[in-house]
Ligand SMILES: Nc1nc2c(ncn2[C@@H]2O[C@H](COP(=O)(O)OP(=O)(O)OP(=O)(O)O)[C@@H](O)[C@H]2O)c(=O)[nH]1
C-alpha cells in the first residue's frame, strides 16, 4: 500500500455500447489481461475492475457491462451494475465503436452523460479499421452534445493512442493514497476470474451455438498440499440440447474447453491447475438470486 506524498488515486468508469471494445481497452490500460473479451455482445457480465498505474497515479477502472435497454432480470442487473460503476467515478470514459455505432444504444447514453457532473472523455475506438472522415464527423457530432474534456482516437486492439488516454485520465485523478497494493491489477477474486476464463473458452469454442444466457459457477477452489490448485466449476445452461452441445461427441467439446481454460489459468496464476468442469441444466437460472450472487451480480427487481 502506498503512503507517500503526491500520490493520486481515483475511479474511472468505462462506459459504452455492448461490444464497443471496453474490455480490450481496460486490458491495454492495465497492461495485462484482467477482463475477458469476445466478439459476442454482453460478454462482460460481472463488474470487473482493472487497476492501471502511471507514475504516482493509481486508476481503478470499472469495466462496466454494456449498457443497453434491459428487458429480463439478468439484463436489468447488468445495467444497474454499469451505472453503479459510473456513480462513484472521478472520470467517465465513453468508448464508441465508430463502425458499428448502435445508435439506439448510444443515444440514451449520450443523453444521460450530458447531465452528469464528472469529467468526461470521449474515446473513438477501432481506428485501425475505421475510415477517417466519418470518424471526424462522429467526433464533432458527439462533442456538440456532451461537454467532453478531451477526445481521443485509439485502437484498443493494437494499443495505438492508448498511452495518451492513460495520461489524460491520470491527470484527472484526485490526490490521495492508493487503494490497492502496487502489484494488484484487479479486485475480482481469482475464483471469479477463473470462471471468466472458462466462460471465454465457451464462447470461443461454441460461437453462436450457445446463447449468452449460460453461466459458469465457481464450485471449489483450493490449493493442494503440493502447491497446485484444484478448481471445480459448473457450466449452467437452460436446456438439455445446450448441455449436449457443451459436452460434444463423447465429451470431446468440454474436454477441449477445459484443456484450453486450464492452460490459460496455469499461465495466469503461475501454478499447476487441475480443472474439473461439470454441465448442469437449470431452466430458470437467470431468475436465481443465489447464482446471481455467485457470479458477482447484485439482485435487482
Ligand atoms: N479492429 C478492432 N477490433 C477491436 C478493437 N477493440 C476491440 N475490438 C474487438 O471488438 C470485439 C469486442 O471487444 P470487447 O472488448 O469484448 O468489447 P466490450 O465493449 O467489452 O463488450 P461487452 O463485454 O459485450 O460490453 C472483440 O472482438 C475485440 O477484439 C479495435 O481497436 N480494433
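Cβ coordinates come from backbone N, Cα and C, glycine included.
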Region 'G4' per TrEMBL: which of the ranges 125-128, 129-132, 133-136 is that?
125-128
DSSP three-state call for residue 16 (GTP binding site): helix, strand or coil?
strand
Can you give me the same-chain residues 6 or more apart in sequence from residue 127 (GTP binding site) with a CB-CB distance under 8 Å?
135, 153, 154, 155, 160, 161
